[in-house]
Amino acid sequence: MVDKVFKKSITKQFEFDEEVASVFDDMLNRSVPFYKEMQRLSINFACNFLEENDKVYDLGCSTASTLIELSKHCKNNLKLIGIDNSSAMLDNAAKKAGAFGVDIELINADLHDVTYENAKLILSNYTLQFIRPLQREKLVKKIYDSLQNNGIFIFSEKVISSNSTLNKQSIDEYYEFKKTQGYSEFEISQKREALENVLIPYTEEENKKMILDAGFSHCETIFKWVNFATFIAIKK
Ligand SMILES: C[S@@+](CC[C@H](N)C(=O)[O-])C[C@H]1O[C@@H](n2cnc3c(N)ncnc32)[C@H](O)[C@@H]1O
Ligand SMILES: O=C(O)C(=O)C[C@]1(C(=O)O)C=C[C@@H](O)C=C1
């Protein structure tokens, strides 16, 4: 279904509710530049590390598209676990996983309340940005502690620039991208307002510092388009 959520005047902050969940795949494809390419790269990098029966968690799995694609592309059998606290997203995830015949354990919970056990790979695309900064550092530490040695964490985030001129240019460039995807200026400004204080982006450097502070031995950007970046972190 086509995303028309912000065609009308907003009455509340952005939420992953039923209305958003019903159009989410279209929203993500049209709102995150190179979303499919970022997903393809995350999966290819992940598959190089994964072995038979490895445990994979997707934090903020939404409609489970990444886990479904991962299971299609990796040659190994994997134990796939998707976590999200939006029931509407998980209902869609369950339907999609069933339609594609992919076995995914879907957990409806807050990311802070789940114990991640013996994970080889933890994925989290465009989710940490929705976690309050103090909680975010704690969650990343928990992610580090839950990974096996040689485990990896792949995550994507909207990022800001510490240079105000470049930051403004990046935002302008991003809004031009949204226009090419068919969003009107009204929809763009409504969503911007709804996301205020809900989506809190860090700079690329702040993200890497948070990862290294948690204990990871290495963190690298594997993909970046203006203000959207994908990182891979390795636990030694
Ligand atoms: C932008 S979406 C993630 C997109 C998804 N990773 C993908 O690539 O298709 C963020 C997701 O994180 C979930 N989320 C946000 N905060 C959460 C929390 N504290 N606990 C669990 N899920 C959360 C939302 O419900 C939403 O589905
Ligand atoms: O920042 C924006 O305006 C966006 O639309 C980006 C973004 C994201 O990065 O997650 C925000 C909310 C939706 O989950 C889809 C895309």
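Cβ coordinates come from backbone N, Cα and C, glycine included.
Sequence annotations record features per position, and here TrEMBL assigns S-adenosyl-L-methionine binding site to Y35, G60, C61, S62, D84, N85, D110, L111, N125, R192. Within 10 Å of the C-beta of D110 (S-adenosyl-L-methionine binding site) there are 12 other C-beta atoms, taking all protein chains into account.
Each residue in the domain 'Methyltransferase' (56-151) gets a DSSP state, and the totals come to 43 helix, 28 strand, 25 coil. Feature annotation from TrEMBL assigns domain 'Methyltransferase' to 56-151.
Listed binding-site residues: Y35, C61, D84, N125. The one with the lowest count of other Cβ atoms within 10 Å of its Cβ is Y35. Model confidence over the domain 'Methyltransferase' (56-151) stands at 97, taken as the mean pLDDT rounded to a whole number. Across the annotated binding residues for S-adenosyl-L-methionine (Y35, G60, C61, S62, D84, N85, D110, L111, N125, R192), the two most widely spaced Cα atoms sit 25 Å apart.
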